[in-house]
């Protein structure tokens, strides 16, 4: 994309289209209801970790779609464009963080000896991945969006490349997560403990059956999160004003819909179920 192409898109709007009011309202309502439910469920089940993860994901989506709705009235309002871009980029990171917390709890409950590394190392490793990805995305967004008013194509591209680096780190974290979790669940299904973990772990074996639907929910949410990251990579590979970024139906179908599904799924199969101390209560 050259400077002329960038400039030619801007007269339409900063988005390349006018955000559809109906779509904005629909997703704003869905995310608001789901986030409010997560708040109530977190309080009721006393799950404080939900607030910096799933709840923050919902807040980011609410702010992002509120800004898009605001942009429906003024498509050249730079601040709302910047805020929605940042929030919708950050939301999947919070959701992934929730998956990590839940997976660590599953490892602790079903048997840490099925994992090649201790549960706390899972948390440390993926937390580092997530923090690095978030920093790169924030820096990249600052560089790219700061250059939009000046129509500085080189700086926009530099920012996009930094964002892509952050997305790549996040994607690497998700792929690594798939490998570790896949190994764990295969070992558990075969009842074949990892020798290293067996030597250093303590605990009792928990029956598999009650966890089936929870593990399925975790897998579905992670898959949706991973698809969102793949979509984000595809979008950014064409630039901040590339053909996918300026196609609203693509954003709605491949980003917002997946995030809504993931949020609602955690309402229906709430993560608090993973945190119960007594298996007999399930």
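Using N, Cα and C of the backbone, Cβ positions are placed for all residues, glycine too.
Here is what TrEMBL records for this protein:
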TRANSMEM  20-37  transmembrane segment
TRANSMEM  83-104  transmembrane segment
TRANSMEM  124-148  transmembrane segment
TRANSMEM  160-186  transmembrane segment
TRANSMEM  215-238  transmembrane segment
TRANSMEM  250-269  transmembrane segment
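Sequence-distant contacts of the transmembrane segment (20-37) (same chain, at least 6 residues past either end, Cβ-Cβ under 8 Å): 55, 58-59, 61-62, 65-66, 68-69, 72, 248, 252, 256, 259-260, 263-264, 267. Within its own chain, the transmembrane segment (250-269) is flanked in space by residues 23, 27, 30-31, 34-35, 37-38, 41, 54, 57-58, 61, 65, 88, 91-92, 95, 98, 213-214, 217, 220-221, 224-225, 227-228, 231-232, 235, 244, which lie at least six positions past its ends and keep a Cβ under 8 Å from the stretch.
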